[in-house]
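Trainee: This is the structure I have questions about; it appears just below.
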Amino acid sequence: MRTLWIMAVLLLGVEGHLLQLRKMIKKMTNKEPILSYGKYGCNCGMAGRGQPVDGTDRCCSIHNCCYGKVNGCSPKWDYYTYSEENGDIVCEEKHPCKDVCECDKAVATCFRDNLDTYKKRNIFHPKSSCVKVSTPC
């Protein structure tokens with residue numbers, strides 16, 4: 001069980017309440033987020049930064065930048081409120097952590113829209129081979 005929690009923390013460098021983000025990604029992609037995206041490419045996972053290796057990795061880069069713009073909430077730990085309407089994720093308009101929800105919704109949607117770029121060989125892409133980007137956001 002402890003190993004699963006550690007893996008959950010690795011997810012996307014994850015931030016966004018972990019269970020809520022996991023649920024969104026699972027809904028949009030039908031993939032197990034921790035195993036599928038936790039160490040994907042150069043930008044998914046802890047301390048991820050660099051030139052994206054593909055569209056899926058670009059989703060993580062955008063997500064990292066999105067979290068960098070969040071104010072007033074701790075993306076890793078603060079809950080937010082959302083609902084599902086007609087298959088879409090709708091973040092509660094007046095919730096103080098709505099911005100975190102929108103970041104998580106965007107990455108889940110991006111993963112779904114980039115399923116055709118997802119490659120198993122990038123799951124454990126060596127971060128040492130990632131090219132730094134001067135202005136990642």
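Heads up, the Cβ atoms here are built off N, Cα and C, so glycines get one too.
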Trainee: Have a look at Swiss-Prot and say which candidate in Cys97, Cys101 forms the disulphide with Cys91.
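Mentor: In Swiss-Prot, Cys91 forms its disulfide bond with Cys101.
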Trainee: Which of Cys110, Cys130, Cys137 is the other half of the disulfide bond that Swiss-Prot records for Cys59?
Mentor: Cys110
Trainee: Check Swiss-Prot and name the cysteine among Cys73, Cys103 that pairs with Cys97 in a disulfide.
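Mentor: Disulfide mapping in Swiss-Prot sends Cys97 to Cys73.
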Trainee: Of the listed cysteines Cys44, Cys60, Cys65, Cys66, which one does Swiss-Prot record as disulfide-linked to Cys137?
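Mentor: It is Cys65, per the disulfide annotation in Swiss-Prot.
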Trainee: Swiss-Prot pairs Cys60 with one of Cys44, Cys66 in a disulfide bond, so which one is it?
Mentor: Cys44
Trainee: Swiss-Prot annotation: Cys103 disulfide-bonded to which of Cys42, Cys66?
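Mentor: Candidates were Cys42, Cys66; Swiss-Prot matches Cys103 with Cys66.
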Trainee: Sequence order is fine: just name those disulfide-bonded residues in Cys65, Cys130, Cys137 with a Cα within 10 angstroms of Cys103 (disulfide bond).
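Mentor: Cα within 10 Å of Cys103 (disulfide bond): Cys65.
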Trainee: Run through the Cβ atoms and count how many others sit within 10 Å of the one on Cys130 (disulfide bond).
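Mentor: Cys130 (disulfide bond): 18 neighbouring Cβ atoms within 10 Å.
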